[in-house]
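Have a look at the structure below, then the notes.
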Amino acid sequence: MWIERNLIASILLFSTSAYAAFKPRIVKKEFDDLLNPIYFNDSSTVLGLVDQTLLISNDDGKSWTNLQEVITPGEIDPLTIVNIEFNPSASKAFVFTASKHYLTLDKGSTWKEFQIPLEKYGNRIAYDVEFNFVNEEHAIIRTRSCKRRFDCKDEYFYSLDDLQSVDKITISDEIVNCQFSQSSTSSDSRKNDAITCVTRKLDSNRHFLESNVLTTLNFFKDVTSLPASDPLTKMLIKDIRVVQNYIVLFVSSDRYNKYSPTLLFISKDGNTFKEASLPDSEGTSPSVHFLKSPNPNLIRAIRLGKKNSLDGGGFYSEVLQSDSTGLHFHVLLDHLEANLLSYYQIENLANLEGIWIANQIDTSSKFGSKSVITFDAGLTWSPVTVDEDEDKSLHIIAFAGENSLYESKFPVSTPGIALRIGLIGDSSDALDIGSYRTFLTRDAGLTWSQVFDNVSVCGFGNYGNIILCCSYDPLLRSEPLKFRYSLDQGLNWESIDLGFNGVAVGVLNNIDNSSPQFLVMTIATDGKSSKAQHFLYSVDFSDAYEKKICDVTKDELFEEWTGRIDPVTKLPICVNGHKEKFRRRKADAECFSGELFQDLTPIEEPCDCDPDIDYECSLGFEFDAESNRCEPNLSILSSHYCVGKNLKRKVKVDRKSKVAGTKCKKDVKLKDNSFTLDCSKTSEPDLSEQRIVSTTISFEGSPVQYIYLKQGTNTTLLDETVILRTSLRTVYVSHNGGTTFDRVSIEDDVSFIDIYTNHYFPDNVYLITDTDELYVSDNRAISFQKVDMPSRAGLELGVRALTFHKSDPNKFIWFGEKDCNSIFDRSCQTQAYITEDNGLSFKPLLENVRSCYFVGTTFDSKLYDFDPNLIFCEQRVPNQRFLKLVASKDYFYDDKEELYPKIIGIATTMSFVIVATINEDNRSLKAFITADGSTFAEQLFPADLDFGREVAYTVIDNWESKTPNFFFHLTTSEDKDLEFGALLKSNYNGTTYTLAANNVNRNDRGYVDYEIVLNLNGIALINTVINSKELESEQSLETAKKLKTQITYNDGSEWVYLKPPTIDSEKNKFSCVKDKLSLEKCSLNLKGATDRPDSRDSISSGSAVGLLFGVGNVGEYLNQDSSGLALYFSKDAGISWKEIAKGDYMWEFGDQGTILVIVEFKKKVDTLKYSLDEGETWFDYKFANEKTYVLDLATVPSDTSRKFIILANRGEEGDHETVVHTIDFSKVHQRQCLLNLQDSNAGDDFEYWSPKNPSAVDGCMLGHEESYLKRIASHSDCFIGNAPLSEKYKVIKNCACTRRDYECDYNFALANDGTCKLVEGESPLDYSEVCRRDPTSIEYFLPTGYRKVGLSTCEGGLELDNWNPVPCPGKTREFNRKYGTGATGYKIVVIVAVPLLVLLSATWFLYEKGIKRNGGFARFGVIRLGEDDDDDLQMIEENNTDKVVNVVVKGLIHAFRAVFVSYLFFRKRAAKMFGGSSFSHRHILPQDEDAQAFLASDLESESGELFRYASDDDDAREIDSVIEGGIDVEDDDEENINFDSR
């Protein structure tokens, strides 16, 4: 503070003759809007843009002229300026308007119109000009014409004469970018006029086909391109940049995902490109930008990553630098701060070589970052301090503009002098703008001093000797405006009061800061009105120092200032082999330094070569920190040196070599620099496992919960985010698939007790705490915001914490505690609150609830009318163990309706809500369904099911399937560990059900062994209890369930056992297969979803079509002894299986099935197995140096990543240390698979595969033949990535209907002979409801006992469901018109009699020739399931006539069977059908993703638990309830792992 007080005192007392006698001349100009001035270089001429009107001043802004009066005098229509371009030296300007374009080649003195032959695509047009650094007359013009956002067309042009004439570049219609190869001053290895362009070809659907790099040396008269064999032509080249001596291509690592990580390909000649090696990144952003480098052979780049924080802040980045080949990068500065707009917090201070100042993320700092500075081009970094006081750190807030990052033609103009805005120490508040200060340095950042106690905008004149500043409020709050200026490099200051309130927004000098003239842009307000005035001040210091010019020969007026000083040793620092000095005016000299518009030239002095700085690792060597030397990479060395004659020789190679381009002198003879490469021993096979990368991270505490975020709405953020919670209630986040984790840090010591994700908006993450605070992220856990909740979460009361709105991410319901001193307090209850602004405010919704649902977003608005604000709540009934269902359309403000007084819960499935109600006997259940929230229909179950009372329901929501029906499990056996029941299938609206399978297994929590095969409709697996009768007997208390696996290929219409493989993984034949036992005694039986540790582990994958895994055994039923289990694999959707390995394994799919990974479960292991060719061959890979106890194997939910994580404990299960192994296969494949979406015969890496029903004789399944695109298994050298394979899915044809396209209708049951027969004593449904549902219908069909499988698309053939049409009420006329009824007279003879005579004749002939001689009618049977062919019907065929007759007879027999069945089932009167509607709910530990269960037990039993309820899990929704005394609360230590996927 002493220094600061004395500085203020000096400002007040300082009075020299120069200050006393001098005041700058000020000219004030007012404009209608803010003026944006731009100087020509070395000139007093300024262009000014005001609201798209261009002005010009030739006297440093003192007077202005409308440029239109200069260019086009007399024209009425104003020129609307689109943009202005300057050449690199800022001596020429090019003005683009909406209609015409103008240029000046003499700094605005004269103007000339020029034309661009643009094919106008839209009304919004942008122009961008790039000039050749060597010859600025040569230019490339890029135009973009847009109709609307993202609907644009780019065109490229070139000019050889300063745009006076412009020609279009016509080498391709799809140019990505073109650049001069001499786009910087240091591009010395290419010809001056070389132009390099990138082109990209897309198909009609805008999918990538190919890229190319085109080069011309004579302005497109001759063009060279990459050969078709070059791998780059098959990669998505996103852009091109010329960086110093290099041409850099930005290449997407996945050609079908432009947001995938960016690869850099480098070339010096523009013809040969090599991929650069970048260090592994913690982030996945594709953004890469370049910095200026002191050596043109060294590339400096910034790579954007991600930041995890609670401040809502942005991203972090890394500063990278290459070696002098441009191919190998290392990190100079990590965790560089950046914001969401990629504005990097780094700058080249005062344009001095090697001096950079940056903000680096520092979580220990109150600001979240710290300012650091380097004086040796990034080799070392040190804190920025004030007045050389290390305890007074300076935190820079505002950095110079983006231009400081890139190549500039302008040299240093203010040597060592800079002003920045910042804060001192951690005591200041970064959010308080009033605490910001203005700081000055005169030694290029070595020391800083405060000059103003507020924010100021400043400009430099006369090379930094004159400084003009104005106070600036970032909030643009008006205050008395004054100028403050210094004539001695900021040591002393004077002020001028301008006499009005306002704010300055910018101070400008000419480009090289040599002029004494300044322009100040201000906004003024009078305090009485909101209207602002815009003033431009021209401030002239030409009369300062009594107009004296410094005598350059007088040393007392100048000093030699060294540009880079070591902050510790205070000695000059060498960068790029040289030191740098400037001759600058001393601060107290009273004269103008140098001549106007004269550039400063540094004085360079070469340094002696330094072995650590001026030498680098040679090609094929990498620096190793442990040995402190360059160690060889044998694969790189051998590929480069072991060629030709050297294949069997020993080659000597230098470990280090001199950095190309360094200016140092006196080469150093390096010790131990030679390495001998024995080429005869380096030829090793390039095995894939050598390219797998594994990392291991450990945390304190056991893993309790982990979640992979599903692909979100923001596609720029890749699907690699993992969130992990431990038993210590800490949360860690990884954005790179588990390679690195960051702990979610918060200010207070808060414990996280649960993690929720929004199923509808996967980017949203919610961290539940043990307090009344909630942490919310809407950007995939990149940052979190703290939200104060109205109460603590009610998780301990057995309720969920949150439910979400389907269409509004800001709307959710919070379930908290009310009046809870403890959970045993009798007054303790739950209270629901609703927010519509993402937690900023809450309103009470309803008290004493178990859960509430936004059901108004569930129903189908196209079919039904309902209130979108409709909410259903399950509300507790005092002193009762059941709930009641209440509804409201206004959040229970005025509207509240009780729908059902006694329920156990509700659930949603598809667009329905299902309610499980309790009957009057208090012992059984009844289910109702609604599709609009107001009309409910009872769900009718098959009448022939003997299940006694209904005790438990599970709704299986096939949300991954396209089936119009859903499955419903009704428990028929509820004894503990002996649970099973009937699997029922609904009709289209969920009101009636038929039996799909009996005795289907279920666990004690209501989850069912039913699992669909993802992405293949109609295929599902179940486990049935084959000893159900034995279990139902009273003598079976010690008997366990015997499970047998079955599979369906027609959505549950028929089920078959899994065919076992012949041999096991050890090539031994299975005994039951050897004995040729039937499938009933010898089939493959697999553990179901209820028996997996993580039910999110599906048997199949949505992206790896047809590939299935399962753990089980071959035999009569599933072996409960784990020692007899093995892992099985199918690549044809379950038709055939292969044993992979013996033991209990976990599995995962990667890259849409090209990578298969398995690891043994619940065992300490260090090795996994993987396959790259769909399971044909398997390899072992050791992923860790020590064995860990495996808990789970996981990857992204879409199974498209090439990264996997193994979650483990260091010791046995329950050990309090989490270990995460990450296994990365990204470098295993050498290329991306080729896919031509337009030409399937283009010879790419894919083939079509068609799923089949093994019971069918043709290729039809569900009424059609379909094909999916899959990578050819043997093409294991390529990966798929985000290739849109689903777009090539095709239906080859629809098939004729067969028996397998039908299932039994309601009240009909499958008989032993394969036919559907009416249940005794029941009546069929009344199908006339279709007339009421669809007013356009003119007919309906009487029930036949059959209904078509909902997923079947078959046409014609066997029509078992519509034999007898009946007209709809009031549609008789239309019905008669359709079927031609009502004819009389002659028409009857023609229409009826003649065909009847023909039929009788044909019938007699067929009877004699076909039926009678083949044994009569006794040989022909009825319709049976599974008898599509007639192979068992051998008929006499002696000639061609016999063959024709027999074919006709067989057809007639089939037809007669259909008629006979209709006769059987049309005798009963049709019953009426109930109307339609829906249901939703909840999760616990991740269970069957498709299950929602209603559980009930005897209300009068002493066990006291009617149903159980736990916290939410979006994958397994269970509808039940918590009765007093029936609550299970998770232990505080949370030892049990909860692989939740909310």
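In case you wondered, yes, glycine gets a Cβ from its N, Cα and C as well.
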According to Swiss-Prot, one residue among Asn513, Asn922 carries the annotation N-linked glycosylation site; which one is it? Asn922
If you check Swiss-Prot for N-linked glycosylation site, which of Asn714, Asn1439 comes up? Asn714
Across all chains shown, how many C-beta atoms besides its own are within 10 angstroms of the C-beta of Asn454 (N-linked glycosylation site)? 15
Distance from Asn989 (N-linked glycosylation site) back to Asn922 (N-linked glycosylation site), taken between C-alpha atoms, in Å: 28
Would you count the other CB atoms within 10 A of the CB of Asn922 (N-linked glycosylation site), including those on all shown protein chains? 14
For the repeat 'BNR 5' (484-494), jot down how many residues DSSP puts in helix, in strand and in coil. 0 helix, 4 strand, 7 coil
Closest of the glycosylation sites to Asn633 (N-linked glycosylation site), Cα to Cα, picking from Asn41, Asn454, Asn989? Asn41
Would you please pick out, from the glycosylation sites Asn41, Asn633, Asn989, the one with the fewest other Cβ atoms within 10 Å of its Cβ? Asn633
State the non-local partners of the repeat 'BNR 1' (56-65) in its own chain: residues 6+ outside its ends, Cβ under 8 Å from one of its Cβ atoms. 27, 29, 37, 44-48, 108, 515, 517, 519, 536, 538, 540
Return the average pLDDT for the repeat 'BNR 8' (1170-1178) as a whole number. 95
Cβ under 8 Å, sequence separation of at least 6 from the ends of the repeat 'BNR 8' (1170-1178): give me the contacting residues as numbers and ranges. 688, 692, 1107, 1129, 1131, 1138, 1140-1141, 1153-1158, 1225, 1228-1229, 1273-1274, 1276
With the cut-off at Cβ under 8 Å and a gap of six or more residues from its ends, the chain residues touching the repeat 'BNR 3' (373-383) are 293-294, 300, 319, 321, 332-333, 349, 353-358, 360, 390, 393, 444-446, 564-567, 573-576, 613
Determine how many residues of the repeat 'BNR 8' (1170-1178) DSSP places in helix, in strand and in coil. 0 helix, 2 strand, 7 coil
Reduce the DSSP letter at Asn41 (N-linked glycosylation site) to three states and note it down. coil
